[in-house]
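**Q** Got these off TrEMBL a minute ago, pasting:
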BINDING   A:LEU20, A:ASN27, A:LYS156  xanthine binding site
DOMAIN    A:33-157  domain 'Phosphoribosyltransferase'
BINDING   A:ALA128, A:ASN129, A:GLY130, A:GLU131, A:ALA132  5-phospho-alpha-D-ribose 1-diphosphate binding site
Protein chains: 2
Amino acid sequence: MEELKQAILNKGVVVSNGVLKVDTFLNHQIDPILIAQMGQEFVKRFNGKEITKILTIESSGIAPAFTTALELGIPFVFARKKKSLTLSSNLLSAKVHSFTKNETNEITVSKDFILEDDKILIIDDFLANGEAALGLASLVEQANATVVGIGIVIEKSFQPGREKLEQAGYQVESLARLASLENNTVRFLEEVATK
Amino acid sequence: MEELKQAILNKGVVVSNGVLKVDTFLNHQIDPILIAQMGQEFVKRFNGKEITKILTIESSGIAPAFTTALELGIPFVFARKKKSLTLSSNLLSAKVHSFTKNETNEITVSKDFILEDDKILIIDDFLANGEAALGLASLVEQANATVVGIGIVIEKSFQPGREKLEQAGYQVESLARLASLENNTVRFLEEVATK
């Protein structure tokens, strides 16, 4: 997705060989127009699939999941990263380790919102090791619902997430694929761009 | 806002005299069409004000802040509820106590995203004791920026939040105002409805 690549090149900050900071438009401050374009692009990428609901995880997945859900006119659900007092029973849960934050969270979603006949599109902001996406897919499968596919805003293609997800049988669509962040330079998978 | 009141009556669950659960359309599963209408309504309520940015708090404020920001064509920022490793310096912070969850969080936002000449509209999902809104307003004022107003999706008018915010000089606009949740019944402030 060209607009996203341009935003990454113009506004992203390479923090290390493994970490790209996109706090100006995706992870802290949010550019709603760019995120709306992401929603349109996800709908195109999964065109022809029957989707009844979108599942994401708080907090940075919410905005791109929202615009995709709005485009499709269907609801979305966001998994929580720790148990909340007002959601104390009736939960699906999975453990997810974040290598970036070096912590393991229990992610949960109410059983009320993923039903057996649901066809779920999973949306998340980053794909690195695949932990979050696999955790979300686990929630769907615990409910005996179907994962239609996994839509990712930014994929770190130099990490094993996509491979793990494809081996598990999921269609993965990423709006930007990073080949490398080495030498403080963003390189995309399909083309080489200098920053 | 009539569509919101209907959603509260049809889908809200009165958990206790103080707690309304709206997990089917606002706090866990999200109805993107209803939330888009909320954004349009917030824009109407603050019509004529110069607004440069929206500030909310993760996670349930993100969707209504998003649609308001998209309507206005401006960015929004969400405050985080705990310090994140990738946001370790350069932070504005405030302590916020949640009576519902009985916990105190430090909310933080990067100094990069609230600047002295910003005119900030604060958006949040619930107003009860005003703690979250006052914390968000504190972040804005620490940056010497201006709070244009505070937009709330659901106000518990039987709790002191609005009074505190108005005493502090802020314009408060709430899309639904709950007069009472007693006897397992939702009563709105302007009119009595039975559930």
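For all residues, glycine too, the Cβ spot is worked out from N, Cα and C.
Mind mapping these onto the model and telling me what they sit next to?
**A** For A:LEU20 (xanthine binding site), applying a Cβ distance below 8 Å and a minimum sequence separation of six or more within one chain yields A:ILE8, A:GLY12, A:VAL13, A:VAL14, A:ILE154, A:LYS156, A:LEU178, A:LEU181, A:VAL186.
For the domain 'Phosphoribosyltransferase' (A:33-157), residue counts in helix, strand and coil come to 42 helix, 46 strand, 37 coil, using DSSP.
When Cβ atoms from all protein chains are considered, those within 10 Å of A:ALA128 (5-phospho-alpha-D-ribose 1-diphosphate binding site) total 23, not counting its own.
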**Q** Only counting partners 6 or more residues apart, tell me which same-chain residues put their Cβ under 8 Å from the Cβ of A:GLU131 (5-phospho-alpha-D-ribose 1-diphosphate binding site).
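**A** Those within reach of A:GLU131 (5-phospho-alpha-D-ribose 1-diphosphate binding site), by Cβ under 8 Å and sequence separation of 6 or more, are A:VAL96, A:HIS97, A:SER98, A:PHE99, A:GLY161.
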**Q** Among the binding-site residues A:ASN27, A:ASN129, which residue has the fewest other Cβ atoms within 10 Å of its own Cβ?
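**A** Counting other Cβ atoms within 10 Å of each of the binding-site residues A:ASN27, A:ASN129 gives the minimum at A:ASN129.
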**Q** Taking only the residues the record lists as binding xanthine, namely A:LEU20, A:ASN27, A:LYS156, what is the largest Cα to Cα distance between any two of them, in Å to the nearest whole number?
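**A** Output for xanthine binders A:LEU20, A:ASN27, A:LYS156: max Cα distance 16 Å.
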**Q** I want the residues beyond A:ALA128, A:ASN129, A:GLY130, A:GLU131, A:ALA132 whose C-beta is within 8 angstroms of the mean position of the 5-phospho-alpha-D-ribose 1-diphosphate site's C-beta atoms, in chain order.
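**A** Residues close to the 5-phospho-alpha-D-ribose 1-diphosphate site, other than A:ALA128, A:ASN129, A:GLY130, A:GLU131, A:ALA132: A:VAL96, A:HIS97, A:SER98, A:PHE99, A:LEU127, A:ALA133, A:LEU134, A:GLN159, A:GLY161, A:LYS164.
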**Q** Compute the mean position of the Cβ atoms of A:LEU20, A:ASN27, A:LYS156, which form the recorded xanthine site, and then list in sequence order the other residues of that chain whose Cβ is within 8 Å of it.
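**A** For the xanthine site, the extra neighbours are A:GLY12, A:VAL19, A:LYS21, A:VAL22, A:ASP125, A:PHE126, A:ALA128, A:ILE154, A:LEU178.
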**Q** Just the number: how many Å between the Cα atoms of A:ALA132 (5-phospho-alpha-D-ribose 1-diphosphate binding site) and A:ASN27 (xanthine binding site)?
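**A** Between the alpha carbons of A:ALA132 (5-phospho-alpha-D-ribose 1-diphosphate binding site) and A:ASN27 (xanthine binding site) there are 16 Å.
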**Q** Calculate the distance in Å between the alpha carbons (Cα) of A:ASN129 (5-phospho-alpha-D-ribose 1-diphosphate binding site) and A:ASN27 (xanthine binding site), and round it to a whole number.
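**A** Cα to Cα, A:ASN129 (5-phospho-alpha-D-ribose 1-diphosphate binding site) and A:ASN27 (xanthine binding site) are separated by 18 Å.
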